[in-house]
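Here's the structure we're looking at; comments come further down.
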Amino acid sequence: MHDWIEATTTRDAISRYYTHILSRALGKRTDHMDFLIRKLMAIQDKDGPGAGGVNTVDTMEATDRHDMSNVGDFSKTIFAPDAPGDPRLPTDEQATMRNDDGTAMGRMQQAWKAFERQLVAYNLEARGIQRVEPDERQDLHLLGYSQVSIMWFSVNLAANNITLGMLGPVVFALGFLDACLLSVFGAFVGCLVVAYIATFGPKSGNRTMIFSRYIMGWWPSKIVVILNIIVLLGYGMIDCVVAGQILSAVSGNTMSIVVGIIIVAVIAWGITTFGYHIFHYYERWAWLPQLIVLCILAGVAGSQFNISSHSHGDENPDTPTGNRISFFGLCLAAAITYGGGSADYFVYYPTHAASWRIFVMTMLGLMCSFTFAFVLGIGLACGTLINAEWEAAYGVSQGALIVEAYKPLGAFGSFCGVVVALGLVANLIVPTYSSGIDAQILGRWAGAIPRVIWNTVGVVIYTVCALAGRAHLAEIFTNFLALMGYWVSVWIAITLEEHLIFRRKTGFKWEVWNQKNKLPLGIAALIAFVVGWIGAIMCMAQVWYIGPLAKQVGTYGADMGNFVGFAWAALVYPPLRMWELRRFER
């Protein structure tokens, strides 16, 4: 018994000694300290002080004298080869975590990195704006290319596009045929941009706004990033408002729109938190219930569509023409704004993925969903001209009109309305996910914050905005969407010319995505961007402002901002870029 007590006392003393000496060596790294103490105690128990282990008496005396010369084989014992899987004490280089440019991380950045590792442990995507290297890509399986089309179809087959289609007859006084043709062809032009940008995901492994650095330069590209974040959060706000309207109408207005907004926002936040893989898996199946309930809607409400309605205006004969141009531009903007993030969703595709297949499948998924949703919304809006109950429902909200169209089905119709509302989650995921990625591009400080945190901030912002603007959906649509489409039109003009003219032979060096001195200065791109915006402002037609050129068409003007902005930027960029290349060779 006495020997056991003495051994225990000695073991405790040795343990305290190891704690003392390691705390001096490691500071606050208690995780490594605990492991090394256990390792040393195991060696002590196995070998004892005289069998090649640590000589406790000598080392204690050396410590008292602040002299490590008598420690003997201490370092050899501690840092002897471990069994596979054992944790290792980091070297100085490993202990000091570093950024991509080689600079040492601060304590806050190291804390964020530790948080990211914890996210990975729970199968959450921790990757932010870093390039996905070719050896990190996934193989294309059987559904590889079809998944592209399925994803876009699932994202876009949503009630927000139905409500957008309603604006043709109600706001712009267009007939059924006019509105259908304008919406489909407007979406087609916008989808061309989205499909083109999507092809750069597999090519580069870079997110869309990182790719923008190769076009706009390091600093000017941050302007584009900010504009894209505004677009994404604006779309999130619209999705939440539409979902809240539908859920409120299903409940007979006993449930506030506020509750519906919060429900949809929380669901979208939960899915985007897990990142790329869960996002794609959800979109793989989310389209099916939406397609079923929207086909039911078309079947039950189609007989009330006033397909013989015609466009009309006022005493100014050019007003219908101006309205047609504005609605075309609005539908174009609804599609083209996906272009600011369309490469984000394909960065894990292999570099050998065929660009033309990505392009075609993106076009197929987007056009099928846009066409179905727009025509359905236009039909419902035209029905308000001959159905008083539908007209009254639209007076409450666009979401209430959708629920009213399901009314002949009774309780099952209410269930379908709930499915339509929850289907907006699929559309809401896209801006939520991309906004978190884009926020990290704003600066080194922003890149140190994990995407999950930025996603959460984005959800809070667009939820608050949705709560504030829930009674003004039509105004948000007609003003916000068209306005935000302008910058994408200007940006795509610069992108096309940089790619097809100036990079046609040299291509892009994707590995320098984070090397500021190897990217363009962006002088030409910035000037062309500003010129394009000036053209867009002069030709825009919104409720609160009509540009001097837009005023020339009809009573309410014609919104030509997308077209003129594109043209002006395309005209001035080539000569400016040639000057920039000769002057700076970047």
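Numbers run from 1 along the shown chain.
Positions of Cβ are set from backbone N, Cα and C atoms, glycine also.
Residues or ranges marked as transmembrane segment in TrEMBL: 171-198, 219-238, 258-279, 286-305, 325-347, 359-388, 408-431, 452-474, 480-502, 523-547, 553-576.
A contact between the transmembrane segment (408-431) and the transmembrane segment (480-502) is absent, since fewer than 3 of their C-beta pairs, 6 or more residues apart, lie under 8 Å. Comparing 219-238, 480-502, 553-576 for CB pairs under 8 angstroms to the transmembrane segment (452-474), the maximum falls on 219-238. Within its own chain, the transmembrane segment (325-347) has Cβ neighbours under 8 Å at 131-132, 148, 151, 161, 164, 167-168, 172, 174, 179, 182-191, 193-202, 204-209, 211, 224, 227-228, 231-232, 235, 276, 279-280, 353, 358, 362, 366, 370, 374, 430-431, 433-434, 437-438, 477-478, 481-482, 484-486, 488-489, 491-492, 541, 553, 556-563, counting only residues six or more beyond its boundaries.
If one looks beyond the transmembrane segment (171-198) by at least 6 residues along the same chain, the residues whose Cβ comes under 8 Å of a Cβ in the stretch are 148, 165, 208, 211, 305-313, 320, 323-324, 326-340, 342-343, 345-346, 358-360, 362-363, 366-367, 370-371, 374-375, 378-379, 381-382, 474, 478, 485, 488, 492, 495-496. Residues 160, 208-209, 212-213, 265, 268, 337, 340-341, 427-428, 430-432, 434-435, 438-439, 441-443, 458-459, 461-463, 465-466, 469, 473, 476-477, 480-481, 484, 487-488, 491, 522, 525-526, 529 of the same chain sit 6 or more residues outside the transmembrane segment (219-238) yet have a Cβ under 8 Å from a Cβ within it.
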